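Written out below as structure tokens is the structure these notes cover.
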Amino acid sequence: MGYQNSFKVFLCLSVIFLFSMKIMVLEKYFEKINFTAFSIHTTKPIRKGAHYWFSQTNKHANKNITLPNCTLPPDLGPYNIQLNVPLDNEFKNERMSFGGHNKPENCIALQKIAIVIPFRNRESHLKIWLHNMHPFLQKQQADYGIYVIEQHGNLPFNRAKLLNIGYKEALKEYDYNCFIFSDVDIIPMDQRNLYRCSTNPKHMAHALDKFNFRLLYATLFGGVVAFTKEQFLKVNGFSNLFWGWGGEDDDLYKRVITAGMQIERMNNIISKTKAIPHKRDPGNEDNPKSTGFQHVATRNGEPLLEKAARRMYTDGLNSLNYTFIRVMKHRLYTKVLVDIGKPENIEQ
Ligand code: UDP
Ligand code: MN
């Protein structure tokens, strides 16, 4: 290569180098703008000018500076749920860690929330749920992880047992102190519906669109419920004995009352909730038959609900057994696949 050619190569390399430096500088600049805008939004109640201080301290990751407790942003309101999630428009947040975990960057959240979803063969609902719920939870400044507990095989579905398993599996990963047990097809329609635990177990799916936003019956406790770790231990979790559709939520209600607690609900406007319409799934038939809304689920002829109070100390978290198959870390959630066995009265 002659002198002239080497000079040309050198010139080219210099131009490329300068160009990439410029991009880096610009990126930093925009990052700063975005970050500051985000900080203003999330640290509203903190003294004037604090957002600037945060943006600086975080950037330098000074470990000696303790972050303030999180507060809710002031602009929570009706939530626009997206039911059609285009393939190329899945929710993205670069800060989120794999497995569907996220916590606020600029503040400390007091509750560490595990959201546990019972699951089998509902991919399309899960996709919609995730797409809407990640931004929802992040707006509420939640420190949370999403656990989808999948029942292996085609034997009757057992929602409650899967939720007990979710509680145990989530605790293996992080020091959660609040558990929200949610169906995969239920999405809140208002950001003021706080996905948080409270002083009593909380029912969060009482104003469903499919029931005209009315509470169906006073003791309804299905769809989405929130328990602190202590509250859930106090009721020994869910019963493991409800196979097929129905009854396990009424049983849980009885446990809460028997343990001397009340249930809480937020008002009907804040609690407006979307339930994605669907047909009953195969393998989740009524357990075993229902009369009106009162289930008469039985085990070997014994009506389960009638004996809920007596059974709760021997049937639940302390009697839970299952076979762990595997855990899969997806970008937006952690899936735990389990074999939960079969109803005692099924011979197979
Ligand atoms: N579910 C599931 N696969 C099934 C049956 C149930 O994933 O085959 C889960 C899912 O999270 C669902 C919840 O269990 O939202 C409750 O079941 P379902 O939606 O049938 O109850 P309903 O809509 O009648 O309250
Ligand atoms: Mn449903």
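Using the three backbone atoms N, Cα and C, a Cβ is placed for every residue, glycine included.
Database features (TrEMBL):
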- 6-25: transmembrane segment (TRANSMEM)
- 90-198: domain 'Galactosyltransferase N-terminal' (DOMAIN)
- 202-279: domain 'Galactosyltransferase C-terminal' (DOMAIN)
- 275-295: region 'Disordered' (REGION)
- 278-288: compositional bias 'Basic and acidic residues' (COMPBIAS)
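Per-residue pLDDT, averaged along the domain 'Galactosyltransferase N-terminal' (90-198), amounts to 96 for this model.
When DSSP labels each residue, the domain 'Galactosyltransferase C-terminal' (202-279) comes out as 20 helix, 15 strand, 43 coil, counted as helix, strand and coil in that order.
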